[in-house]
Amino acid sequence: MEDKYGLIGAPIAHSLSPAMHNFWFEEYGISGDYRLYPVEKCDLVQAVSRIKEARVKGFNVTFPHKTAILSLLDEVDEAAEVIGAVNTVVQTGGRLIGYNTDGIGFLKGLQRNFPSFINKRPSILVIGAGGAARSVALTLARAMGARVDICNRTCSKAVALSAACGAYSDSDALKFDQAERQLDRYQVVINTTSIGLNPDADHSVIHLNRALPGTLFADLIYSPRRTAFLREAERLGHPVMNGLSMLVYQGALAFQKWTGVFPETVKMENHLIKMYLMS
Ligand code: NDP
């Protein structure tokens, strides 16, 4: 019988994770079947005990359970503990062990697509202070020790995330207008907000005209492949990166935790673009 894997969260019907993991299982001749398990907020405790009983070997966790699941696991990896969220769980010997591969997934995409930026220890601006922002900002602060400033609509969340990053690097909390005025201080600017998705698809989260030439603009959103933020950055001549490499690398890192195999990522990105993201 095939080993069971899956994704828990709600809503999850749009997820590309089954396409990605089932493609890799086939590609590497590994016995596995990855399915969507819709789990509403109030059903998490029951769902986790069912997963244990059903001996699901590994699963991903998404909205709204990434933080709530921590207290239901037998062990949580140190980086996930610092981030305060888990997106990947391994079941071994009846124990559930939680990890967070989102931030490392972003970093690996950056390393592959723009290695020269990493080598220069860039100053970074993270726009947003939600769950994805925590993973990305804390991973970059811990891995690179570079300045990581945070700006967010809700100031208290920017202050809290900046304080957490401050344990590993220099970090300030900013308002949007402050960030726009001092955009020339950053070599990398990352939009982690959901502005760029409908109904905010036509708005760039901040104005970019103060950025120095060569500043890299990244967005965690991958559908649309170019948000208004990235379109504006490209119009001004800047290099850009969308969230697809993060999606694929966070999945590849999860796949490695479950199977011991780190799968090929560029072919997967092209496969997802061709099959699901052409429009
Ligand atoms: P959260 O709900 O945790 O955070 C949302 C963030 O967006 C907050 O900072 C919020 O600000 C901000 N925001 C939302 N609406 C507005 C608005 N109208 N004006 C200003 N700020 C706004 O979501 P996540 O962090 O989980 O996800 C954020 C984005 O990252 C999503 O687009 C998601 O698709 C993407 N993502 C991509 C991944 C990938 O693999 N590529 C992985 C995970 C996420 P406030 O705090 O003020 O509410």
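Cβ coordinates are placed from backbone N, Cα and C, and glycine is handled just like the others.
Sequence annotations record features per position, and here TrEMBL assigns active site, proton acceptor to Lys66. Sequence-distant neighbours of Lys66 (active site, proton acceptor) (same chain, 6+ residues apart, CB-CB distance under 8 A): Ala85, Val86, Asn87, Gly131.
The shikimate binding site annotation in TrEMBL covers Ser15, Leu16, Ser17, Thr62, Asn87, Asp102, Tyr222, Gln250. In this structure, Leu16 (shikimate binding site) belongs to neither helix nor strand by DSSP; it is coil.
Look at Thr154 (NADP(+) binding site): DSSP puts it in coil. Its Cβ placed at the centre, Thr154 (NADP(+) binding site) has 11 other Cβ atoms within 10 Å. Annotation comment: TrEMBL describes Glu78, Gly128, Ala129, Gly130, Gly131, Ala132, Asn152, Arg153, Thr154, Cys155, Ser156, Lys157, Leu220, Gly243 as NADP(+) binding site.
DSSP states for the domain 'Shikimate dehydrogenase substrate binding N-terminal' (7-89), grouped as helix (H, G, I), strand (E, B) and coil, give 35 helix, 18 strand, 30 coil. Positions annotated as domain 'Shikimate dehydrogenase substrate binding N-terminal' by TrEMBL: 7-89.
Taken from TrEMBL, the feature domain 'Quinate/shikimate 5-dehydrogenase/glutamyl-tRNA reductase' covers 121-194.
If you look up TrEMBL, you'll see 243-270 marked as domain 'SDH C-terminal'. Within the chain, the domain 'SDH C-terminal' (243-270) has long-range Cβ neighbours (under 8 A, six or more residues past its boundaries) at 5, 16-17, 20-21, 23-24, 27-28, 30, 32, 57-58, 60, 87-88, 90, 99, 101-102, 104-106, 108-109, 112-113, 218-222, 225, 277.
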Please report how many Å separate the Cα atom of Tyr222 (shikimate binding site) from that of Ser156 (NADP(+) binding site), as a whole number.
28
Just the number: how many Å between the Cα atoms of Glu78 (NADP(+) binding site) and Ser17 (shikimate binding site)?
25
Rounded to the nearest Å, what's the C-alpha distance separating Leu220 (NADP(+) binding site) and Asp102 (shikimate binding site)? Just drop the number here, would you?
10
